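Report on the structure given below.
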Amino acid sequence: MIRSYLPSLGRARFQIPAPMMLLIGMFTLHTGSSLAVTAFEHASPATVTWLRLTWAALLLTAFGGRSLWRAVRAASRRELGAVVILGTASAGMMLFYSEATARIELGTATSIEFLGTLVVAVAAMRRRRELVWIVAAVVGVICLTRPWQGDLDLVGLGFALAGAVCVIGYIVLTQRVGAGFGAVHGLALAMTVGAVVTAPLGAPGALVDPDLGLIGFTLLIALLFPMVPFLLEMIALQRMSRTAYSTFSSLEPAVALVMGMIVIGQAPVAVQLVGMGLVVVAGIGAARGDQARGPAVPERKVVREYRTGTGSGAKDGASDPVPPPGALREPTVEAA
């Protein structure tokens with residue numbers, strides 16, 4: 001039941017608008033991030049990150065089922081390479097962000113990491129008037145970060161900047177992998193790569209002296225971040241321009257401030273509330289400006305062919321039907 005429901009999210013384009021998917025993903029992401037900060041009292045950020053990635057990989061692989069491995073066998077080297085890069089970028093983004101939030105406030109770390117999203121937005125600009133939303137977002141990020149205070153942890157700042165670099169690759173590759181594999185399969189493969197990449201840093205702390213309470217807690221965190229937000233973002237990126245996605249994501253520092261205040265008591269000061277208002281305005285402006293624009297990449301549909309000894313047929317759809325006995329399914333991808 002769950003397996004059939006997850007792919008259907010990608011087709012629910014009229015029921016769940018792409019901006020709403022991003023908003024839901026932001027709140028789940030930063031709820032998970034806030035809970036992860038509390039877990040750092042019991043394990044290192046690398047260990048917590050590896051456990052979350054491992055849980056996400058295991059759950060998504062189970063949802064994907066046998067069709068996931070058939071998709072891997074049918075994929076080209078270029079598509080598999082994109083998965084490896086996306087998984088590495090996702091792992092780096094999560095690991096660096098965790099290391100940053102262990103040292104600096106959640107909203108500040110999110111604001112700095114958001115610079116990567118701004119780079120993507122600026123690179124995709126086509127109309128000069130869109131720059132007003134970028135300017136508003138930049139001013140908002142500055143207010144949220146408050147660099148004039150001079151009390152930033154430089155190591156935490158460095159980790160957040162490294163996460164910003166990973167964000168660029170994440171945004172670009174999420175579109176490509178989502179179009180080629182579908183949301184569930186693409187994310188399952190990316191999370192598997194991420195778990196492998198972070199294993200040397202995180203696995204020893206989790207396996208040498210296992211804490212069953214921590215392992216169970218990271219399962220909850222993994223559902224909130226990365227599973228739900230990454231899945232929703234992968235679907236939304238198929239139907240939004242990169243400019244609108246990047247600027248709408250400027251809501252993230254504000255959401256991080258709110259969730260940090262609610263979950264772990266990191267209350268914002270007045271200037272940060274001003275910054276929150278600016279990024280909200282920038283996000284709304286970008287979302288409205290994107291209504292007249294199509295998706296950043298053409299949507300694609302998966303055509304599944306069943307070949308038997310008596311002939312062949314094809315069935316369309318993003319769900320995962322069960323092939324007839326003895327049939328060999330060969331998935332191919334066509335432009336819609």
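Using N, Cα and C of the backbone, Cβ positions are placed for all residues, glycine too.
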* So which range, 49-68, 289-308, gets flagged transmembrane segment in TrEMBL? -> 49-68
* DSSP residue counts for the domain 'EamA' (156-282), split into helix, strand and coil -> 110 helix, 0 strand, 17 coil
